[in-house]
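*Asks:* According to TrEMBL, the transmembrane segment annotation covers 20-37. Residues annotated as GTP binding site in TrEMBL: Gly28, Ala29, Ser30, Gly31, Val32, Gly33, Lys34, Thr35, Gly83, Asn137, Lys138, Ile139, Asp140. Residues annotated as Mg(2+) binding site in TrEMBL: Thr35, Thr62.
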Amino acid sequence: MEKTGLDRRDTDLRVPGGAVSGMCLLLGASGVGKTLLVKRLQKLCSRDGEGDLGDPPPTRPTVGTDLTDIMAPRKITIRELGGCMGPIWSSYYGNCHSLLFMMDASNPTQLSASCVQLLGLLSAEQLAKASVLILFNKIDLPCYMTMEEIQSLLRLPDIVACAKQNITIAEISARKGTGLAGVLHWLQDQHRTRG
C-alpha cells in the first residue's frame, strides 16, 4: 500500500487509481475544526476551487452526528461525528470508504490524546480497507507545531509504516483555507467510481 507524507505546501493529494463510492467519516477531538472544514469544503465546491473563501462562517460544536453532501462534482457524503462521541465512533464504521482524522496542530496535549484515538481507528478491522487522510489543522496559529515536531512527538512514521490502511498526511488551516483544495482532490479521488 502506498503511504504518503505531505507538507502544507503540497496542494495535490491525489491517489492513483479509482475508488468505489461510500461514506466518508470525519473524526477528531472536540474543537479541532471538523465543522469548519466541512463548511469550507462545501464553499470551495460551490466556487469550483477558485477565489477567496472569505471570512470563516460561525460554527457550533457538533453534538451527535451531521451528514453533509459535498458536490465535487460527484456527491460525496461526509459523516461528521462529534468529538464527545469518541467512545461510540465504532458504531459508525460500517460502509466507511474513507476517513478524515483531524488533529489540532497547535495543541500538543490534545495531539497526544488524539494519537491514542488514531491508533484505535487504525486497528479497527472494519476500517482496514478505508483510505485515511490525517489532517493537522490550525497551522495559521503562531503556536502550531511543525510537521517535524509532530512526527517526533507522535512517532508518526512508525504509525504509518505499521498501518494496514493507505494513509496520507496534510497540514491545513480550515480558517484560512490553506490546503483545502488538496483535501477536496483527495476526497474526489477516493470516491471516484471505477471506470
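Just so it is clear, glycine is given a Cβ too, placed from its N, Cα and C backbone atoms.
Burial and contacts for the listed features, if you can.
*Replies:* Cβ neighbour count for Thr35 (Mg(2+) binding site) (all protein chains, 10 Å cutoff from its Cβ): 21.
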*Asks:* Rounding to the nearest whole angstrom, report the longest C-alpha distance spanning Gly28, Ala29, Ser30, Gly31, Val32, Gly33, Lys34, Thr35, Gly83, Asn137, Lys138, Ile139, Asp140, listed for GTP.
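*Replies:* Taking every pair among Gly28, Ala29, Ser30, Gly31, Val32, Gly33, Lys34, Thr35, Gly83, Asn137, Lys138, Ile139, Asp140, the longest Cα gap is 22 Å.
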*Asks:* Look at each of the binding-site residues, Lys34, Lys138, and point out the one with the fewest other Cβ atoms around it within 10 Å.
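*Replies:* Comparing Cβ neighbours within 10 Å for the binding-site residues Lys34, Lys138, Lys138 has the fewest.
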*Asks:* By a 10 A CB contact count over all chains shown, which of the binding-site residues listed here is most packed: Gly28, Gly83?
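*Replies:* When each Cβ's neighbours within 10 Å are tallied, Gly28 tops the list.
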